[in-house]
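Trainee: Residues or ranges marked as pyridoxal 5'-phosphate binding site in TrEMBL: Gly105, Thr106, Phe141, Asp226, Glu227, Ile228, Gln229, Thr284. The N(2)-acetyl-L-ornithine binding site annotation in TrEMBL covers Arg144, Thr283. For Lys255, the entry in TrEMBL reads N6-(pyridoxal phosphate)lysine.
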Amino acid sequence: MKLDAIQAAEAKLLLTTYERNPILFVRGDGVHLIDEKGDRYLDLLSGIGVNALGYGHPAIESAIAEQSKKLIHISNLFFHEGQAELALRLTGASGLDRAFFSNSGTEAWEAALKLARAYAGMKRSEGKHLGTRFLALEQSFHGRTMGSVATTYKEKYREPFAPVMPDVDFVRFNDVKDLKANFSSDVCAVLLEAVQGEGGIRPVSQEFIEAARELTRSTGALLIVDEIQAGLGRTGKWFGYQHYGIKPDVTTLAKPIAGGLPLGVMLCTEEAAQAIHPGMHGTTFGGGPLACAVAVAVYDTIEKEHLLDHVQEVGNYFHQKLDQLKQKHIAITEVRGLGLMLAAELDSAELAKTVLAEMVKRHILINRTSETVLRFLPPFILDKEHVDDAIDALDTILTEHSPAHAGEQAHTMGGTHIG
Ligand SMILES: *Cc1c(COP(=O)(O)O)cnc(C)c1O
């Protein structure tokens, strides 16, 4: 099918959940995507933070090829070697003790929410007071299923589906006072992202995450950190919370974990894991042999190719270049992020939209979140020369669309007219 035929068919046949870019990609190569005409695009979005090793990585290709010949699915009624191999690596990297595998981010998050409720119930049965309330943060994003969406801040995601899961309150982002005012022994868990993704690439403050850790510890509530976007190396460390020197009770991973195959995981302490018994929770597909084999290959490749260091180095370079761009263009109000999880906030949603469209015309893919925020989630294998290309393009576009430039043009035109 050609692109226009696909567009027509989808318009008629699919739920209208997405506004897709009218581009038909047919393959990828490293940090580039290639469309049906053979045009190459620099990909600074990597399928929303998923394709960490870029496209066509030999480690992923051979893991898929080899495992697909052996076993793709077996269900969680039998053993296969993938979950243990992967759990060994992820518990080692996270400092947590046990893993539960799912198919997606939102399912990993659901597992974390269910664990928190079950854990509080277990504590109550032991005579402690621990309630059922969750404290989530403003601008948070934790997924689209009923529980996850209840802990997601934006009303437009929740309201049409009301009533969602009750007992969630939202605390102002990085506002320790508001956290303390909302916290009590009614709370079973405090929920946060080390770096908010969808909410505009906002790193949590040291003060806030420390306060959340201390408060939860004081009552026995769980601190649950969502690393679905920031985790597995995107910030230059395996987990975003490792930048803060704290350890949560529970964390979740998904997006980059299995090289583009669907896989999520919830990791937790031995103590929290005591709340879960056989039959309480489960999944048909989650943690299947194929996804786990690829995830092991992704993890080992990040280690072998020293990609955490590479992400830090190229991420710092990208951050510096964005800072320099901010000095030059008043339309950039803030540059934020850690590693290769970066954002430049602009002073208008209209301009952000224009910049996105102009970048696509120049064959560079970025993303816009929270209306005004340009978001960069490139593959971990990005090099400095790619950063330079992106920065040059942004510089040109922002110059062409700056009010000063428009003013200059008007002036020149006026001059010509008078002359
Ligand atoms: C993407 C994301 C999710 C949801 O993951 P899905 O795989 O889309 O269900 C949850 N939390 C965060 C922080 C995310 O970025």
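All residue numbers here begin at 1 and follow the chain in the order shown.
Yeah, the Cβs are placed from backbone N, Cα and C, and that goes for glycine too.
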Trainee: Whole number in angstrom, please: the longest C-alpha to C-alpha distance across Gly105, Thr106, Phe141, Asp226, Glu227, Ile228, Gln229, Thr284 for pyridoxal 5'-phosphate.
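Mentor: Maximum Cα-Cα distance: 25 Å.
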Trainee: Determine the binding-site residues, out of Gly105, Thr106, Phe141, Glu227, Ile228, Thr284, lying near ligand 1 in the sense that the CB is under 6 Å from one of its atoms, and give them in sequence order.
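Mentor: The qualifying binding-site residues are Gly105, Thr106, Phe141, Ile228.
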Trainee: Where does Asp226 (pyridoxal 5'-phosphate binding site) sit in DSSP terms: helix, strand, or coil?
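Mentor: Asp226 (pyridoxal 5'-phosphate binding site) sits in a strand per DSSP.
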Trainee: Spatially, which candidate from the binding-site residues Gly105, Phe141, Glu227, Gln229 is nearest to Thr283 (N(2)-acetyl-L-ornithine binding site), comparing Cα atoms?
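Mentor: Nearest candidate: Gly105.
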Trainee: Sorry to bug you, but what's the C-alpha spacing from Arg144 (N(2)-acetyl-L-ornithine binding site) to Gln229 (pyridoxal 5'-phosphate binding site), rounded to the closest Å?
Mentor: 15
Trainee: Return only the integer: C-alpha distance in Å from Thr284 (pyridoxal 5'-phosphate binding site) to Lys255 (N6-(pyridoxal phosphate)lysine).
Mentor: 19
Trainee: I'd like to know which of these recorded positions, Arg144, Lys255, is least surrounded, judged by other CB atoms within 10 A.
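Mentor: Comparing Cβ neighbour counts within 10 Å for the recorded positions Arg144, Lys255 gives Arg144.
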Trainee: Anything within 10 Å of Arg144 (N(2)-acetyl-L-ornithine binding site)? Look among the recorded positions Glu227, Ile228, Lys255, comparing CA atoms, and list what you find.
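Mentor: Candidates kept after distance check: none.
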